[in-house]
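Undergrad: So Swiss-Prot says this about it:
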type: BINDING; residues: 13, 14, 15, 16, 17, 18, 55, 116, 117, 118, 119, 180, 181; note: ATP binding site
type: BINDING; residues: 17, 55, 116; note: Mg(2+) binding site
type: ACT_SITE; residues: 38; note: active site
type: BINDING; residues: 42; note: substrate binding site
């Protein structure tokens, strides 16, 4: 039976896709049968009249994952807004049964699943008149625990603590926090220490700020993730699905 973890960011564009790509690379490059899953992506690329989920492409390219995009990201939207609104604008509402079918398929095919959210923990996926269904609801339905991706910079204490407390209030287990865009600095280190004290959560890893992303994005992520993560530590924080 597969083991897995759900990656949640404290905000949009916090770098959780880069972190997820790095985690996937470390596992797969060491022979672990790992797969990526993202239920919905908005703001997709359009290449040759076909929508390409950019996050899914990046993770797949970095980790050399060859699973078809439609199996690991079942809902892809062109419009770069929250998935619930993109679904309404493009008349393509999410069907949770399809999302869960894809997830079960991946659980049966792979040994490890790293899932990634859209936006933050409260990002709405569905708003169909019966209530709002968020990333938090999806995590509970998939019965996954989470790792929070946070920055080390200004505002991170507030963002990270609020995210952690909200997740805990949902009854979801938090395995720890990964700090992204980290540099050795008194200010950053004090922020990280304060987050640990207030949340009582471990810092799982710190990923450096990847400054050479534009030159060779894929190779830069691989190199820096190998310094920040170990396969054993990643697996240690996964739970049976």
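For all residues, glycine too, the Cβ spot is worked out from N, Cα and C.
Since the structure is predicted, the reported quantities are computational estimates derived from the model, not experimental observations.
Walk me through the surroundings of each of these features.
TA: Within 10 Å of the C-beta of residue 55 (ATP binding site) we count 20 further C-beta atoms, all protein chains included.
Residue 17 (ATP binding site) is surrounded by 23 other CB atoms, counting those within 10 A of its CB over all protein chains shown. In the three-state DSSP classification, residue 17 (ATP binding site) falls within a helix.
Here the Cβ of residue 38 (active site) has 23 other Cβ atoms within 10 Å, regardless of which shown protein chain they belong to.
Residues within less than 8 Å, Cβ to Cβ, of residue 42 (substrate binding site) and separated from it by at least 6 positions along the same chain comprise 77, 78, 79, 80, 81, 82, 83, 86, 118.
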Undergrad: Tally every other Cβ atom lying within 10 Å of the Cβ atom of residue 13 (ATP binding site).
TA: 9
Undergrad: An 8 Å radius from the center of the 17, 55, 116 Cβ atoms defines the neighbourhood of the Mg(2+) site; name the other residues of that chain inside it, in order.
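TA: The answer, listed by sequence position, is 7, 16, 20, 21, 36, 38, 41, 56, 58, 59.
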Undergrad: Please report the Cα separation of residue 17 (ATP binding site) and residue 38 (active site) in Å, rounded to an integer.
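TA: With distance taken Cα to Cα, residue 38 (active site) is 10 Å from residue 17 (ATP binding site).
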Undergrad: Looking only at Cβ atoms, how many others are within 10 Å of the one on residue 117 (ATP binding site)?
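TA: I count 24 other Cβ atoms within 10 Å of it.
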Undergrad: Quick one: Cα separation, residue 181 (ATP binding site) versus residue 116 (Mg(2+) binding site), in Å?
TA: 18
